[in-house]
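Undergrad: Sharing a structure with you now.
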Amino acid sequence: MLPLSHCTYKTLSQFSPLKFPTFSRYLSFSPATRTDLLFFTSKAQSLLQVKQSHAFALINGFLPQAVSICASLILRYGAYRESTTCHRLFDETVQYSKSAFLWNTLIRAFSIARGCGVFEIYNGLVRNDVVRPDDHTFPFVLKACADSVNIRKGMEIHGVVVKLGFDLDVFVGNTLMLFYGNCGNLRDAGNVFDGMTERDVVSWNTVIGMFSVNGCYKNALEFFCEMKLRSEFKPNIATVVSALPVCAGLQGEEVGRQIHGYVVTVGLDSQVTIGNALVDMYGKCKNMKASRRVFDEMTERNEVSWNAVISSLAYHGYNKDVMCMFRLMISETVQPNSVTISTVLPILADLELLNLGKEIHGRTLRFGIESDLFIGNSLIDMYAKLGDSVKASIVFCQMHEKNVVSWNAMVANFAQNKAELRAIELVRQMQFLDNIPNAVTFTNVLPACARLGCLRPGKEIHARTVRMGCHTELFVSNALTDMYAKCGCLSIAENIFKISLKDEISYNILIVGYSQTSDCSKSVSLFLDMTLMGLEPDIISYMGVISACANLTALKQGKEIHGLLLRNNLYTHLFIANSFLDLYTKCGRMDLAIKVFDRIPHKDAASWNTMILGYGMLGELKVAINLFEAMKEDSVRYDSVSYLAVLSACSHGGLVEKGKKYFHLMQAQNVKPTHMHYACMVDLLGRAGLIEEAVSLVKSLPLKPDANVWGALLGACRIHGNIEFAIWAAEHLFELKPQHCGYYAVLSNMYAEAGEWDESNRVRELMKLRGAKKNPGCSWVQIDDQVHAFVAGERAANFDAGPSIL
């Protein structure tokens, strides 16, 4: 019979005892051959066949004495996580073992099975008086420490290694480095490497890979250069594959090219793993031409090769090229895997290719990979971004396995697709099912609370972020600040802002938030603080501070910002230009507004509307109407604000027929009238003395009149002294706004003018009874950099509008 070492696995399989009704032929082999044969045949066995082999060994008396058979069975049971059986086999045979071999096998089996008893076995071996740990024990147990990131136990074992003198063993040293690297303790890993008296190529590969994986690219590169120049070992495939990601991380294409040259020189360029690493390295160094050339020249490719080039293209935003490569991959009959699909699906969302996304979804169903966690998460994200919330929900519900990313994607799905209440409820359900939210969860759900103005759930989430200690993280603090700002709690928003990390978005939230309140001066102050902090204002920053200047009528600061934008070449941005139009029209500087307006290359409806409203407010009604007509000639479509502006101009100019014409034109163009449009029409008719027609319009409204409509009618009645309809309008206004003193004053004055003093006094008494008080008049005037507010009956108050922006 041939020695076993000369046998192939195929040859050995014909001797398997499971293929014969009797075992006479098997028993004719020598004991050593029986042991080896059982070990080799067990390598391809299922759990049932392993148990049959175990039974065979028991029946024929090989166990418990045969240590090698016992060790082989322990390893096979370990692969199937049969920990109890492994322990029983060990307990029965250990008395026949004269070395640590069987102990080491059990440690290895438990490590394979991811069992929690590895360290108990090791402790038992250390306490054993007969057998001592050997040089194979420590690599096995240290690997278990590395896998479980058990730093304390690993350091304890390191101490035993030094005590027993195994620290000089190269295999033990390599495993110690691996342990410290997995635990993120790179300093001790480096110390182990430096203290090794003997090293092999694995030692160098381990230290390079360890520093590379932990992002210490410069250290990894130094070790690579030292290995290449000073050691007796030359970089091999594993070394190169570990070093190339370092070049990608450092954007060090030059070093990557040197490694590429070395690979070609020593003949490793034909290795598919190295080709994949080169494709990835060049891609991340933004040299897609070199990346594609390496890919095209590869003699052998696998899924990783295609994924590397597709990921590189996606990384730099070459979305169309990604789709071309994906189609080419399919045409080459290479089956896309979960990494490929997870890379391509976000691209489809960016390109808004919903139908192609559905096609790829169908492909994953056909190939049975739709249950992959990464694919499921990517599908949810794609459908959510493309507005198909229902499909995203179906994918989520059909996922057998979910992680926090799955839940986060669904929360974002609901929040992005106007299902804010469902997003908030999903976070509650997530916690109920013992899934712990993270910072991304809170960042996704807080905008939903902000859009709904739901302060209470927002505060609950805030409390949860505080308990979890993530409330000061940049994205979370920005989301919290935004939520409180949009819920009208700017003081709380500012408190969060003060204690958190800050970036441009943090400042923008408060700049925009305060610009929409009476405390606009804070927007200007925050804008100045932002520039002093060295942060670069963006379009949103400028729009917020310009809006604040417009509301403050702070022309000086607004002109300074305009000058700043001129120097930075941002003045042509449409939103910025429209903001300046709003500023100059509110400040009455139509001369400056028209200069900005004329320089806008592509005007939108907002540009025209602002100018029409501006001229209308200043009484230049003919100019306002002419602009409205010119807007049509410029092929800009009218919107509801356009009609509101022109109707307001017609109302103030008494242009009844023109106003009616524009009102009918608006309806003909399917622009739905709002309360404000109807209020303008009532005001137009009322000012012209057509009170009866105005009343008929109010009675025929398709929606319930609001305070604006009734207020317009009351104002018209006041002008023409129609007390009958004034009483009717005032009664509705008293119901809608009982605290508004102006309506009481108008009706009371009308009664007084008509000589009905008792009725006039009755209205005044009603006003006092309901606690309606007239707010004192306030005037603002700017002197240098100060805006002074003068309030009737009080001393002058002032607040700082902010020092010069420039």
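In case you wondered, yes, glycine gets a Cβ from its N, Cα and C as well.
Pulled these features from TrEMBL for this protein:
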{"type": "REPEAT", "residues": "200-235", "note": "repeat 'PPR'"}
{"type": "REPEAT", "residues": "302-336", "note": "repeat 'PPR'"}
{"type": "REPEAT", "residues": "372-406", "note": "repeat 'PPR'"}
{"type": "REPEAT", "residues": "503-537", "note": "repeat 'PPR'"}
{"type": "REPEAT", "residues": "604-638", "note": "repeat 'PPR'"}
{"type": "REPEAT", "residues": "639-673", "note": "repeat 'PPR'"}
Undergrad: Over the span of the repeat 'PPR' (503-537), count residues by DSSP class, listing helix, strand and coil in order.
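TA: Its residues fall into 24 helix, 0 strand, 11 coil.
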Undergrad: Is it possible to list how many residues within the repeat 'PPR' (200-235) are helical, extended or coil according to DSSP?
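TA: DSSP composition of the repeat 'PPR' (200-235): 27 helix, 0 strand, 9 coil.
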Undergrad: Which numbers of helix, strand and coil residues does DSSP report for the repeat 'PPR' (639-673)?
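TA: Looking at the repeat 'PPR' (639-673) with DSSP, the answer is 27 helix, 0 strand, 8 coil.
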Undergrad: Averaged over the repeat 'PPR' (302-336), what pLDDT does the predicted model reach?
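TA: Mean pLDDT across the repeat 'PPR' (302-336) comes out at 89.
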Undergrad: Provide the three-state DSSP residue tally for the repeat 'PPR' (604-638): helix first, then strand, then coil.
TA: 26 helix, 0 strand, 9 coil
Undergrad: Treating G and I as helix alongside H, and B as strand alongside E, what does DSSP give for the repeat 'PPR' (372-406) in helix, strand and coil?
TA: 26 helix, 0 strand, 9 coil
Undergrad: Over the span of the repeat 'PPR' (302-336), count residues by DSSP class, listing helix, strand and coil in order.
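TA: For that range the per-state counts are 26 helix, 0 strand, 9 coil.
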